[in-house]
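Trainee: So TrEMBL says this about it:
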TRANSMEM  27-48  transmembrane segment
TRANSMEM  55-85  transmembrane segment
TRANSMEM  115-132  transmembrane segment
TRANSMEM  144-162  transmembrane segment
TRANSMEM  168-190  transmembrane segment
TRANSMEM  244-262  transmembrane segment
TRANSMEM  268-301  transmembrane segment
DOMAIN    273-408  domain 'O-antigen ligase-related'
TRANSMEM  308-332  transmembrane segment
TRANSMEM  395-417  transmembrane segment
TRANSMEM  429-448  transmembrane segment
TRANSMEM  454-474  transmembrane segment
Amino acid sequence: MGVVGATTEGTLTAPGPSRGSRAVTRLLELLLAVVVASAAVVSGYNWVDGDKRLAVLPVVAVVAIAMGILALTRFSVFVLIILAVRPILDALKLSGSTTGTTVGNTAANRGLDPSSIVGVLFLVAAILWLAGRVRSGRFIGGSRVQLAMGAFIVACVVSVAGSQHAQASALECLRIGTVLMMFVVLNQLITSRAMMTKVIGACYAGMCGPLLYTAYGFLLGHPESELKGGFTRITGPFSQSNTFARYLAFLVVFGVAIYPYAKRWWKAALGAILLVGTVFLLLTVTRTAIIGALVGIVLLAWTQRRKAVGLGLVVVMAGALLVPGVAGRFAALSDDTPTTSSAGGATGNSLIWRLNYWTEVLPLANRNPVTGIGLNGTQYETDVEKQPHNDVIRAYVETGAFGLLAYLSMLLALVGVGRRAMGRAARGTLEHAVGAGSMAVSVTFVLGSLAANVMSNVVTLFSVVAFAACASYVSRSQGASITDHQRMLVGAPRS
C-alpha cells in the first residue's frame with residue numbers, strides 16, 4: 001500500500017534505496033576498506049619494529065570508528081558489545097602496570113589505552129542517547145540506585161574543584177562516571193525479559209575472554225602473575241591479581257544464583273565457566289575476594305533454600321586448602337608483623353598494615369571535611385603513595401562528608417534493589433534468582449569496599465551495575481504485576 005515499514009528497532013525504513021544512496025554507500029564501504037587496509041599495514045610495520053603503542057593504535061582507531069557508527073545506529077547492540085569486550089581490553093593496555101599509582105594518573109599515560117578510548121566513546125554515546133530519551137519523554141526515573149549514584153557523582157565532581165591534583169582527580173571522576181552511566185543506560189534498556197537475558201549473556205560472554213587468556217598462559221607454562229606478599233598470584237589480563245579476583249568473584253556468585261535456570265547447553269557452558277572461574281579465583285590468592293565470594297554464596301544458599309549450594313561450598317573450601325598459597329595466605333593473618341606495603345614482596349599481615357595505614361589516611365580529611373581533598377588525592381599525600389584500601393574511608397577523605405553519605409546510600413541502594421526484586425518475584429523463577437544474585441553480588445561488593453580499592457574499578461563494577469539493572473527491571477515488572485493483581489481484586493480498572 002506504499003506505507004513506510006518499521007524495523008524491529010522502531011526506526012522507519014524506506015521501501016528501497018535510490019541509485020544515489022547506493023553509490024554513496026559503496027563509496028563509504030570503499031573508504032572504510034582503504035582505512036582498514038592502511039591501519040593494518042601501519043600496525044604490521046610498527047609491530048615488526050617493536051613499537052607496541054604505534055602497532056595497536058591504528059587498529060584501535062578503526063575499531064573506535066566502527067563502534068561509533070554502531071552506537072549511532074544500534075545503541076543496544078553497542079552497549080552489549082561493550083559489556084562483552086571490556087574485560088579483555090586490559091590485555092592491550094599501553095600504559096603498563098601503573099594503574100593506581102601517581103605515575104599512572106595522567107591523561108598522557110592512560111589516555112591512549114584501548115579501555116580508556118572505549119570508556120570515553122561509551123560516555124559520549126550514552127549522554128547523546130539519554131538526551132534523546134529525556135527529550136522524547138521515555139526516560140525511566142525514580143530508581144533509588146540511580147538517585148544515590150547521581151548524588152555520589154556530584155560529590156566526586158565537587159571534590160575535583162578543590163583538588164590539588166586536578167588532572168588525577170578528573171580522570172578518576174571520569175572512571176566512576178563511566179560505571180554510573182552504565183547503570184543508568186542499562187536501567188533504560190532493560191524493559192523486557194529477553195533484554196535482561198541478553199545483558200546477562202553479554203557479561204558471561206565477556207568472562208570467557210579473561211578465562212581463555214589465563215588458560216592459554218597455563219598451557220604455555222607461564223600465566224600472567226605477580227609476586228605479592230610472598231605469594232605468586234595470577235593476574236589474568238589485568239594489571240593486578242586483586243582486580244582479577246574481584247571480577248571473578250562477582251561473576252561466580254551471580255552465576256551460582258542463575259545456574260539452575262539456564263537451559264540446555266547454556267547450562268553446561270555456564271557450569272564450565274563457573275568451575276574454571278572458581279579455580280582461577282583461588283589462584284589469585286586474594287583473601288578479600290575469596291571471603292566475599294564465600295559470603296555471597298552462603299547468602300544464596302539461605303535465600304534460595306538450596307542445600308546443594310551449601311554442600312558445594314564445603315567442597316570448595318576443602319579444595320581451597322589444597323591450592324598452593326591459599327592456606328598460607330590465610331595463615332598470614334596470625335602473623336603480628338605488618339607488611340611493608342600491601343603490594344610489596346615481603347611476607348606479613350596485610351590486615352595490620354591496613355589498620356596502620358587507615359590511621360595515617362583519616363587525618364587527611366581534616367583539611368576539608370565537607371568536600372574532601374579530591375579524588376585520588378590520598379596517594380599523593382602519603383609516603384607509600386597508595387589508595388586507602390577502604391572505599392568508605394576513601395569516600396570520606398577524598399569526597400568529604402557529603403560524598404561519604406552518598407556512597408553509603410549507593411551501597412544500601414545496590415543491596416536493596418536486589419532484595420526488592422527477590423521479594424516481588426515468585427520463588428523458583430529466573431526473576432527471583434536474578435534478585436537474589438544481585439543482592440549477593442552487592443554484598444560481596446560491600447565487603448570488598450571495606451578492605452580494598454573498588455569504587456573506581458570499571459571492569460569489575462560493570463558486572464555489579466549490570467546485575468543491579470537486571471534486578472531493577474525485575475522489581476519494576478513484578479511490582480507492576482502485583483499492582484495489576486490488586487486492582488483486579490478490588491475491581492478497579494487497569495491504568
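We number each residue from 1, going along the chain as drawn.
Yeah, the Cβs are placed from backbone N, Cα and C, and that goes for glycine too.
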Trainee: Most CB pairs under 8 Å with the transmembrane segment (115-132): which of 144-162, 268-301, 395-417, 429-448, 454-474?
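Mentor: Looking only at 144-162, 268-301, 395-417, 429-448, 454-474, the most contacts with the transmembrane segment (115-132) come from 454-474.
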Trainee: Let me check one thing: do the transmembrane segment (144-162) and the transmembrane segment (395-417) come into contact, meaning three or more Cβ pairs under 8 Å with sequence separation of at least 6?
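Mentor: Between the transmembrane segment (144-162) and the transmembrane segment (395-417), contact is present.
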Trainee: Using a Cβ cut-off under 8 Å, which residues of the same chain at least 6 positions beyond either end of the transmembrane segment (429-448) come close to it?
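Mentor: Residues 193, 196-197, 200, 246, 249-250, 253-258, 260-261, 288-289, 291-293, 295-297, 299-300, 303-304, 411, 414-415, 417-423, 454, 461, 463-464, 467-468, 470-471, 474-475, 477-478 contact the transmembrane segment (429-448) from elsewhere in the chain.
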Trainee: With the transmembrane segment (168-190) as the reference, find which of 244-262, 268-301, 454-474 contributes the most Cβ pairs under 8 Å.
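Mentor: Ranking 244-262, 268-301, 454-474 by Cβ pairs under 8 Å to the transmembrane segment (168-190) puts 454-474 first.
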Trainee: Please give the average pLDDT for the domain 'O-antigen ligase-related' (273-408) in this predicted model.
Mentor: 80
